[in-house]
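Asks: Below are the features listed in TrEMBL for this protein:
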- A:113-322: domain 'ABC transmembrane type-1' (DOMAIN)
- A:12-32: transmembrane segment (TRANSMEM)
- A:119-140: transmembrane segment (TRANSMEM)
- A:152-175: transmembrane segment (TRANSMEM)
- A:195-215: transmembrane segment (TRANSMEM)
- A:254-279: transmembrane segment (TRANSMEM)
- A:299-325: transmembrane segment (TRANSMEM)
Amino acid sequence: MTGFGGFILRRAVGALVTLFALSVIIYVVFYVTPGNVAQITCGPRCSPAQVQQVAGQLHLDDPLYARYWHFLQGLFVGQDYSTGTSVQHCSAPCLGLSYQSDQQVTELILAKLPVTASLALGAMVLWLVIGVGTGVLSVWRRGRLTERLLTTLTLAGMSTPVFVIGLVLMIVVCGQLELLPFPQYVAFTDDPEQWAWNLLLPWLSLALIESATYARLTRASMLETLAEDHVRTFRAYGVGERGIIWRHALRGAVAPLIAVNANNIGVLFGGAVLTETLFGLPGIGQEMVEAVKVVDLPVVVGMVLVTGFFVVLANAVADVLYAVADRRVVLT
Amino acid sequence: MSEAEKAPSRSLVEVTDLTVEFGELRAVDRLSFRLQRGAALALVGESGSGKSTVAAALLGLHRGTGARVAGAIEVAGVDVQEAPEQTLRRLRGGKAAMVFQDPLSSLDPYYAIGDQIAEVYRVHTRASRRAARARAVEVLDRVGIPDAVRRSRSRPHEFSGGMRQRALIAMALACEPDLLIADEPTTALDVTVQAQILDLLHTLREEMGTGLLLVTHDVGVAAESVDEVLVMRHGRSVEHGPVSAVLGSPEQPYTRELLGAVPRVDVPRASSEAPEEPAAVVLEATGLRREFGRGKRALTAVDDVSLTIHRGETLGIVGESGSGKTTLGRMLVGLLEPTAGEVRYDGHARVGVNPAVQMVFQDPVSSLNPRRSVGESIADPLRARGEGDERRVRGRVRELLERVGLEAAHYDRYPHEFSGGQRQRVGIARALAADPRVIVCDEPVSALDVTTQAHVIALLGELQRELGLALVFVAHDLAVVRQVSDRVAVMRRGRIVEEGPADEVYDNPQDPYTKQLLAAVPALDPQIAAQRRAARRELAVV
């Protein structure tokens, strides 16, 4: 296969292989963790016989590969779970049942995903606008006070933890100025306007910090491009500073921006734990922390896999975009 | 011509007492010259002579870079020193356009060629996007880009070197400037492509009456293209006059030295080192073939090449970029494994690196480790052979340094402390360290100025005589190859198209490609250059 279509196909196959490898590693790592899962799941007051029964229900006595096979089956064709008294059908893609609540992990994740996705996508738009804008501005005003000021600010931004900015924003904006209510998640489908107002602060706190990285990246790539020979060519042909900056220098920053952004957004889909906790957003990050606390392995494995899925997906999309942005890339 | 009427006697370029200083360094020192409308002047000089600095100063490109520019510059009626930024921008590309040296890095990699030309056109005219795009296609067609409509949508990396240079010239032509400033416009190009570009510049001047300021280190290129020559050294004018006078009967010793150092393609080698009796064969290659990549994308870089190299002789391998000459050189040394065929040393097939066959590389900057002293670099082959006694290693390295014309005390210096020629001497010393019998030199002098080039070539000849070395001299420069070689092999597309004693190949070439190559070499005599140009039109590339 050659050409662009072939490249996309190869990239997709590569992504699938990565996901498969990820699922094996995650499964093995989590299910060989020490501790009696049956005991924890059953609760401290269970008798040894009850614990044994739970272990049977959870297939904890089966060999690891059989359990993994079981897991894969669930993922692709669905599975029935017996909880002792009733049988629950979990349709594909089934990531298993929570040890704690017997809820289906897939449903649990699907319930949390819109929150996390809202947070991640909105923050991304903001950090790209703020970050790239700041980067361009500091290149435009290079060598002057504005640039030094912006450089200092971005450094401060990069080294400030999200809970500091978030807290300060919340105290000032919601507490003292009372411009906004304290954030409370409202689904987009319920009320788009309230959705946006409530997410504004979480978006801002994430974006302010992340945008520092983008500002620096934009600035660095643009300065690098400005030093290149082809910029000299256009200067020698009378192209003004505005054309040089926007058309030529910024264009050089697009490809690296795509690469870094893909990574960030993928990771963010796995839940911005601190931000979600701080603003009380019921997203994937929060749920994951809860699940880890009580060793609810199916939930943890499911969420890690979903996170991995988004990271892999984002990177595959980025690779394709990168190839579009820079046609010199050799498609392999 | 309204502009001509406005200022009938005014020259196109008038430079008076131009001085450019970068910090402490005075790059240009009180230089004055003028160029009439439609005339052509070449600034000729070796690297560091300040010639490119002058070219940039004509467009006011030193503004805002921290360089101090003094003196008066007037280009197409614009006082470059005093003009406001706005006026200067109209001058740049509008009335005076620059053609840069490296055509790949001089174009924006992200945009289509046609869009880049259109952008420049729109800076200077009020043309619509469409009209500008149409103009781009028109000028691309004018400079000989085939299928210009389609190719104007290509990005620079999809063009060959020659086509990129044409595209840059097209950009320069877009606004029909009065002056073309060409800064080493053919240095990155193969000799046949160089001839095409120079011919193109010539034709454009004839047809459009554009003035030309050519900046070049290559006297031959100047002889081909201009009416007047200004020889520069250390930022000063050494000699200035009509091209036939300066190149034909130079008055200044430096000009004579410069011209004397230029290797001549039409003159036989000064002294032949070849043994009278056919000497023993040291290195023999049979049916060498090398492919890169697999499947449909496979590229055969070298295809069925057989060679013999005798003791004490020099075999020149000449070819243009992509002809496979470097790949062949690397296989002879054992740095690359052939896909098929074999290399025999002293009659025995060899696989892998052979200490008796050493290599001198092209780029004396990147082929030395900048973080190690040159002595250590030269000592590497000795240590690799298992020499453990540090005192003997140091002694031998000092000996080698002196042998190649450097000082023993240079042992602890680092590559950046040396000039290009000196670094290449270090490279030669490193090759000698292993006591080789054959040295493969891959473009050993192509990065050097002509006078330095002559010294390095002389050194190689000396070493060959004294040590009985066999040399394989791989280069794209036909003149250089003639001046060093006993026998010559001409490569094209991975194959040897012609091989024989140097004088026979050069004076009586058999293969059409060899003829074409030789016809493309710039002549030092402007009259011969004109004849050659006519001859090239007949030979026109197949």
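Cβ atoms are placed via backbone N, Cα and C, with glycine included.
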Asks: Residues sitting near the transmembrane segment (A:12-32): Cβ under 8 Å, six or more positions beyond its termini, same chain?
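Replies: Counting only partners 6 or more residues beyond its ends, the transmembrane segment (A:12-32) has Cβ contacts under 8 Å with 64, 67-68, 71-72, 297, 300-301, 304-305, 308-309, 312-313, 315-316.
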Asks: Can you tell me which recorded stretch out of A:152-175, A:195-215, A:254-279 has the most Cβ pairs within less than 8 Å of the transmembrane segment (A:119-140)?
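Replies: Answer is A:195-215, with the largest number of Cβ pairs below 8 Å.
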Asks: So which of A:152-175, A:254-279, A:299-325 is most in touch with the transmembrane segment (A:195-215), counting Cβ pairs under 8 Å?
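Replies: Maximum Cβ contact count belongs to A:152-175.
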Asks: Against which stretches of its own chain does the transmembrane segment (A:152-175) lie, if we need a Cβ under 8 Å and a gap of at least six residues from its ends?
Replies: 134, 181-183, 201-202, 204-206, 208-209, 211-213, 215-216, 272, 274-275, 278-279
